[in-house]
Amino acid sequence: MTEPTIKLNYHKTRFLTSAPDIRHLPEDNGIEIAFAGRSNAGKSTALNALTNQKSLARTSKTPGRTQLINLFEVEPQCKLVDLPGYGYAAVPEQMKLQWQKALGEYLQKRDCLAGIVILMDIRHPLKDLDQQMIEWAVSAQLPVLLLLTKADKLSQVARNKTAKMVNEAILPFQGDIQVEIYSALNKIGVDKLSNKLDSWFAPIFQQEGK
């Protein structure tokens, strides 16, 4: 049976809540898709480009500002989750440990998590923590979309070369992993991101018989 094609309007996305840890999140139901990445990978900027809302997700020149788990509702039962950024050295150690704990708990215990978008600066892809995140997602049998962000910083030739390198480097993970080039500034890859999210959200509409 062919899966129905759905097309969600991400421009209607609204902020739902922030939580310091999994215990303060809403009920674990519907479908959630998480956005994860290093503190300077441009997660908030990517979310704002997807939703066409300049300030939906708070951005800052200071990496590491996203200290909470932030939830956004696209439609009832369909949520995007902006996870705390990882790997920023200038953050106090105690705060870093708190973030890592919140991140780990969410990823391990949230049943409605259906996919992970891992964002990496195209100029510095596949750092150790990025690879750990990919490894975890694959072991949890979750599909992964790797977004190579800030693509406007490179020429098209350099972008394609990096994407090819990343595609080759992830083969040993043997998971459901897709690589896309992304630029919030030039709107490169926004449609591919929304199409992937649509496919991950689709089961909720099948359940509801829509």
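Just so you know, glycine gets a Cβ as well, placed from its N, Cα and C.
Annotated features in Swiss-Prot:
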| type | residues | note |
| --- | --- | --- |
| DOMAIN | 29-203 | domain 'EngB-type G' |
| BINDING | 37-44, 64-68, 82-85, 149-152, 181-184 | GTP binding site |
| BINDING | SER44, THR66 | Mg(2+) binding site |
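Working note on the binding-site residues ALA41, LEU68, ALA184: by count of other C-beta atoms within 10 Å of each C-beta, ALA41 ranks first. The secondary structure of ALA41 (GTP binding site), as reduced to three states from DSSP, is coil rather than helix or strand. ASP152 (GTP binding site) falls within a helix when secondary structure is assigned with DSSP. Note: the Cα of GLY85 (GTP binding site) and the Cα of SER44 (Mg(2+) binding site) are spaced 10 Å from each other. Residue pair GLY37 (GTP binding site) / SER44 (Mg(2+) binding site) shows a Cα separation of 10 Å. Counting only same-chain residues at least 6 apart in sequence, those with a Cβ under 8 Å from the Cβ of ASP152 (GTP binding site) are SER183, LEU185, ASN186, ILE188.
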